[in-house]
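Chemist: The structure follows.
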Amino acid sequence: MNELERQASPRGPRIRYAADYREGERGGNRLDRMRSRSRDSISIHSTRRSIDPSIALPPQFRTLSFSIEEGKRQQAIDEKKKAQAKPAEIEFGSMDYHTTAVDELLSRFQTSRGSGLTGTQAAQLLKIIGQNVPTPPPSRWARKTVTYLFGGFGSILFVAAILVFIAWKPLGQPPSPANLALAIVLLLVWVIQASFSFWQDFSSSRVMASISGMLPDKCIVLRDSTQQQIDGRDIVPGDVLKISLGNKLPADVRFIEVSSDARFDRSILTGETMPLLGSVESTDVNYLETACIVFGRIAKLTSAPKGGLTPLQKEILYFVGLIVALMLFMIIMVIIVWATWLRKTYPDWITVPILIVDCVSVAVAFIPEGLPIAVTASLTITAQIMKRNKVLCKSLKTVETLGAVNVICSDKTGTLTRNIMAVTEYLVGKEPGTALKSAGDYDTEKGLQQLARVAAVCNEAEFDASTVNAQIADRKVLGDATDSAILRFTEGMTKVSALRAANRSIFKIAFNSKNKFAINVVQPEDETSPLLMIKGAPDILLPRCGSYLNKDGFVERLENHDRRAVESMKDFWSSQGRRVILLAQKPLEALQFDSATQPREYELDIMGRASTELILVGLIAIVDPPRAEIPEVVRILRGAGVRVFMVTGDFKLTAAAIAAECGIITQSQKNIDDVTSLAFDDDYLESAGIEKSHGSEHTHSIVLSGADLETLDDSQWNKLCRYEEIVFARTTPEHKLRIVKELQKRELTVGMTGDGVNDAPSLKQADVGIAMGSGSDVALEAADMVLLDSFAAIVEAVRYGRVVYDNLKKTICYLLPAGSFSEFWPVITNVVFGLPQVLSSFLMIIICCFTDCAAATAIAYEKPEADVLMRPPRNARKDRLVDWKLVLHAYGYIGMIETVCSFAMSYWYAQRQGLTFSSLWFAFNNVTPNGLSTDEVTAILNTASSIYFVNLVVMQWFNLFAVRTRRLSVLNHRFNWYLPPAIVFALLVAILFLYVPEFYSVLGTSTVPVANWFLPMGFGMGVLLLDEGRKWLVRRYPRSLIAKMAW
């Protein structure tokens, strides 16, 4: 298959088209030989990860195709249409790669069918043309800049700044310097928030881009007459590509060799569900419709990024909407009170400029300006942590949802196991043998020689040419893990290449998860008739066997007692966690069809012949040990309230044995339920005198097969989903998809792991699809998250999925008491009760945007609490980021304490200075203090306002430590070293605006007596101790009313 042209334009080298694909580096890439037959279609999902191609591509594809057709029908006005056509229409419409003869095309690209390009040619082309990477999508910086500036609270801050400027001039008579300062600070905060939004977007995209680059990008090419696995970005025009089942294509390819029944899934482009039958010859003059071209370059049509809000963004939007609604309601109430009462009764109390500033103050009081910056920090930190743990999350939604996952359905091979398989035993006739002794027995046992022949020829794995001279164990193998293990086992006895040369392949039917076997029809050089070789699952193929080869190579009838002996050995190996493969053969006589000219009929004939009277050649037992870290991973996830189910295509006994080794099944064999346990309720069984015993009162285990699943009704699924330990064996892709849907139907949040081509539907359906980095291209494309290293990384992913949510709740809980509740009441008491506004609007802004903001950002760096993986996962469908519990704690508990203490400190100071509270209550600016001048009253009130400010700032230091944990004592939580700098920053800001004469003389602030710095520390310590007591009660009495009200 030839990769098509990426030429240098007159303006210089450029890549005109390419595909952004993510090919996993795995053993599954294998050479598709001429005249081989594959019954499965090859996927060509070649799209950018940020696109939903099933929505974006079909309309654009069809529009482009129709434009090309129209252009070909109107040749007379071709030049005119080209002048008006889009560049893509011109390029696709003028291409002739699909109609050019194969030999001419090979000559054009100076390549060879049998040897490909030379290394020198490839290096020169790579320098001239550049790497095979797509043009990045347009950045749309203008639109993004508007979003940075006016998204979230930005528009409110901008409008507030404009209104305060108007209140300063021209409405201010005389203009108030404090209003000017307030307007400038609002504008500054507006710009700072926009800058943080930009930085978050920039840094997160950079981190995600670097993570994406960690995915293996490999493809197999033919260069210098040898197969080579290279980076997909390094392929060049003229490369001969080898693609196999499940591959995505790294570029447009023209087929020069293709199996006659190969099919290509183009539904992602066309929207049509039927696969396209591959062809070497062109089937259509339209480049986009022919069957001899498959597209990688079509990715150019999808350079528009995918939109939509993540669940966390929706929660934040909900919170913002709630805050804005409350803010607007209170502003309207202030305006109504002023218009209907104050403006008439007390016209000098609140003028229009003061009203504007009061409304801005209400807005400032309600808006937690530090929240966007805290969100920015949280998301950036999470992206960096995921990168360190070699976890690729395609979107933030993945991390958020992981925090709510309560079921993980895990594939076995390659996920729970190492996917490094080795043959341990074999069975020829009825006599078992060990792989270690097979080489010594090969020359003397004819039956073992026949086993080696079938194992070598009915096998899609191949040794990499670059390591063919190394020791067998050190050789690199191109092929899946099972075939690779059998290949090494056979090579240890004899030369595989010699066996394959002596048995020419005529027709192949590839292994698939439905049939669970693979067929290779060969022509032995010493025989006249073709020989059918078959390899697959024993429970599928053993019933089809009518005879067997004994140790000496003679065929004997397979009687019932022989069949039982073979089944007994198969079950014994399976119970030890071995994967058992059956090898059989059958001579083919009187074939009616030709494989080259009648492939469909030939295939049906072969499938029919393979259904009966096979000759059992032997069994092979393969071990695939579990990863060492898996039992601990399962234990941690179970402690976090996440159930881990195994979903595998392996035999039930094999699956149960591996599940027990991995810790997924903790019960003994006699206490494991089967499908019959779902037929009756436990109450019915007890009434019938049937007692069920389990090792643990709360732990129930069950092992089911795919066939069992097909018999279950809704009530049985309801009962099944209550099991804590489940193994699904012998499952097909349809079974996996149904498992996910049934779990989701019962309001479970499901994570699904998989690495095969057929796992894609269930990965797509799951709330979080998880693929291993060594998985197939299609699995990587369908998954939401890719584990590049080990399944153990899922623990950190779940941990930080919960931490993101926890830290944002802590941030909001920290910001609301002082930055919202305690700032709101001075405005209300000023408007309704005629009291002076004991906290100035300027100092409100300083709290929200400076003293609190640094600490809120520091909370984003909080480490996971010790019990974060000991709590059950949140309910993603019901639990809100800001719920009534958090609001009650922030407003009714901490906020009320801070407000009362701040009011008391301010008016107590005024009282000691001779300005009594009674003289201020309902005064509406008609203050009549004894012996105090107007300037003295103003100075006292300015100091009282500054005391209110200091009281909030200091008490928030202690609240900062209180919100660091939700249930555990803060003393048991790892210290956050970002907190001291945040506290020092808040202190310096307070000193700057209270003690620098250039500021307090203009802004209406004042120096604060030393005593009023230390008294709030006592209040703050009281808040911290009270909250520690509340947490102790929550831990001590988890079912109490206080525990139920805990945020």
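Just so you know, glycine gets a Cβ as well, placed from its N, Cα and C.
Annotations for this protein, taken from TrEMBL, read as follows:
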REGION    1-47  region 'Disordered'
COMPBIAS  17-42  compositional bias 'Basic and acidic residues'
DOMAIN    96-169  domain 'Cation-transporting P-type ATPase N-terminal'
TRANSMEM  146-168  transmembrane segment
TRANSMEM  180-199  transmembrane segment
TRANSMEM  316-342  transmembrane segment
TRANSMEM  354-381  transmembrane segment
TRANSMEM  812-833  transmembrane segment
TRANSMEM  839-861  transmembrane segment
TRANSMEM  886-910  transmembrane segment
TRANSMEM  939-963  transmembrane segment
TRANSMEM  975-996  transmembrane segment
TRANSMEM  1008-1026  transmembrane segment
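Tell me about the surroundings of these features in the structure.
Modeler: Confidence over the domain 'Cation-transporting P-type ATPase N-terminal' (96-169), given as mean pLDDT on the 0 to 100 scale, stands at 81.
Here the transmembrane segment (886-910) has Cβ contacts under 8 Å with residues 809, 812-813, 816-818, 820-822, 825, 838-839, 916-917, 920, 940-941, 943-945, 947-948, 951-952, 955-956, 959, 962, 1009, 1012, 1015-1016, 1019, 1022-1023, 1026-1027, 1045-1047 of the same chain, all six or more residues outside its ends.
Long-range Cβ contacts of the transmembrane segment (939-963) within its own chain (Cβ-Cβ under 8 Å, at least 6 residues beyond either end) map to 810, 813-814, 817-818, 822, 826, 836-840, 843, 846-847, 851-852, 855, 858-859, 894, 897-898, 901-903, 905-907, 909-910, 913-915, 932, 970, 979, 982-983, 986-987, 990, 994, 1000, 1004-1009, 1012-1013, 1015-1017, 1019-1021, 1023-1024, 1027-1028.
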Chemist: Restricting to the same chain and to residues at least six past its boundaries, which positions have a Cβ under 8 Å from a Cβ of the transmembrane segment (975-996)?
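Modeler: Answer is 843, 846, 850-852, 854-855, 857-859, 861-863, 946, 949-950, 953, 956-957, 960-961, 964, 1003, 1005-1008.
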Chemist: Can you work out whether the transmembrane segment (180-199) touches the transmembrane segment (812-833), with the criterion being 3+ CB pairs under 8 Å where the paired residues are 6 or more apart along the chain?
Modeler: no
Chemist: Which residues, given as numbers and ranges, are at least 6 beyond the ends of the transmembrane segment (1008-1026) yet have a Cβ under 8 Å from it?
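Modeler: That would be 894, 897-898, 901, 905, 909, 943, 946-947, 950-951, 953-959, 961-962, 970, 994.
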Chemist: Can you name the far-off residues of the same chain, 6+ from the ends of the transmembrane segment (146-168), with a Cβ under 8 Å from a Cβ of it?
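Modeler: Apart from its flanks, the transmembrane segment (146-168) reaches 175-176, 179-180, 182-183, 186-187, 189-190, 193-195, 197-198, 201, 320, 324, 327, 352-354, 356-357, 359-360, 363-364, 367, 369, 371-372.
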Chemist: If we skip the immediate neighbours and take only residues 6+ beyond the ends of the transmembrane segment (316-342), which ones have a Cβ under 8 Å from one of its Cβ atoms?
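Modeler: Tertiary neighbours of the transmembrane segment (316-342) are 152-153, 156, 309, 349-350, 355, 358-359, 362-363, 366-368, 371, 375, 808, 812, 820, 824, 827-828, 831-832, 880-882, 924.
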Chemist: Could you pull out which residues elsewhere in the chain have a CB under 8 Å from any CB of the transmembrane segment (839-861), counting only those six or more residues past its ends?
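Modeler: For the transmembrane segment (839-861), the sequence-distant neighbours (Cβ-Cβ under 8 Å, at least 6 residues beyond its ends) are 178, 181-182, 185-186, 189, 192, 357-358, 360-361, 364-365, 367-371, 373-374, 377-378, 381, 807, 810-811, 814-815, 818-819, 822-823, 826, 902, 945-946, 948-949, 952-953, 956-957, 960, 963-964, 976, 978-979, 981-983, 985-986, 989-990, 993, 1003-1005.
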Chemist: By DSSP, what is the split of the domain 'Cation-transporting P-type ATPase N-terminal' (96-169) into helix, strand and coil residues?
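Modeler: Breakdown, helix to coil: 43 helix, 1 strand, 30 coil.
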